[in-house]
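Some notes on the structure that comes next.
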Amino acid sequence: MRGRHLDAYSAYKRVASKDHINAYDREEGSGLVNAKGIGNPSWRRSLPHMLVATLSSFLFGYHLGVVNETLDSISMDLGFSGNPLAKGLVVSTCLGAAFFGSIFSGWILDGVGHRRAFQLCALPMIIGASMSATTKSLWGMLLGRIFVGTGMGIGPPVAAIYVSEISPAFVRGTFGSFTQIATCLGLMGSLFIGLPAKDIVGWWRVCFWVSTVPAAVLAVCMEFCAESPQWLFKRGRGTEAEAEFEKLLGAAHVKFAIAELSKSDRGDELEAVKFSELLYGRHFKMVFIGSTIFALQQLSGINAVFYFSSTVFKSFGVPSDLANICVGIANLSGSVVAMILMDKLGRKVLLLGSFSGMAVAMGLQVTGASSYASGSGALSLSVGGMLLFVLMFSLGAGPVPSLLLSEILPGRIRAKAMSICMAVHWVINFFVGLLFLPLLEQIGPIVLYTIFATFCLLAVIFVKRNVVETKGKSLQEIEIALIPPQ
């Protein structure tokens, strides 16, 4: 066994990293434990820990959508109903705070560990939601949204890394997809809970109070969840790492799991990661790939669709409630299918198919907005194209980037590099949301949707050239294959 891995590692010096990781595909047993000949560990051991972690993703989705149905009621009760700038601030302050939360998430995770990072994600969400639920003024609402946004920024990178590090290799893609499903459920939950807000005075306060329950459950349950063995091993706490591996994988798999961690140990795990290391040198390529995938994900126009889909539906006389439900069902359906296919087809195949399908869907919307379509034809092409776009996004471009980054980033820089990539995500997200409507008015839907389709095609080319398949491989195998020796 040892000789086989040494041979594979030596091969790295003779071939490019992409060729080397393909060499692992030809090994008899790819995965954390198959190579040992004792079978895969039970996925049921790590399942409860993963489900608790995905509560942060549920909260992320819930707070993204909680003001969708309630914003008009909030503005009337707090006295800014005639102020579009104030309404925009209620949404954008949360996104701005999420940007700063995501930047510091890596340093928080490396400093206190995954369990405490989740609790630090839940705490500002509880405080912020409580402030928003009880406020009597716009400023109280904005302060509450800042707290909530900070937690939203911390949650996604911590969840992606935690789930990848506690999951057996053969189901890591499936488990990683649960974060996207939880986000969809959070979005749909906020939609359904917010429906009575138009008819019941003050119902929007209930919508904020409801979110404190899963946040409190996350904070409490994390006390009983496993810490990431990789994080413990990095801190020199090998005995504790073994205990957590036993909890997650079973006693029979502990020695091999620790051996895998030792194999990828380069002797610099306890050294502080400098910001400059992420911007140049041997780690730059991984950070660049991650940041570019997130940038292309947002430049595809997905959040413009999420934010303004009701506007498009309204222009064809479709009620906004029905529009949001249709978009939510398409998003959830695609995420479930992605979960099933993630460990069968692989990450790269799903990304390529997803971005390609999104380009086609944007093409349908361009046709629907052109003079060639009118009446029911324009309705079918525009609405159908939008729903197809969301469906194709949720099949790959939605769930894969966070999972892929948590796999390809080496353990020493994983948390901080992920925080930088997520910060890029939030910056592009903010500007797409800010500029979508002005650009739609100035250059029209045909040109704007064509631009979005072009970015989808660029994403296909980028993924084809730069992304390697990680399906079924342990994190340590991936790290040895991708990161050159010093």
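Each residue, glycine too, has its Cβ placed from N, Cα and C.
Caution: TrEMBL annotation is automatic and unverified by curators.
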Looking at 175-197, 244-266, which one does TrEMBL call transmembrane segment?
175-197
Please find, within the list 111-135, 286-310, the residue stretch that TrEMBL describes as transmembrane segment.
286-310
Quick one: mean pLDDT on the domain 'Major facilitator superfamily (MFS) profile' (49-471)?
87
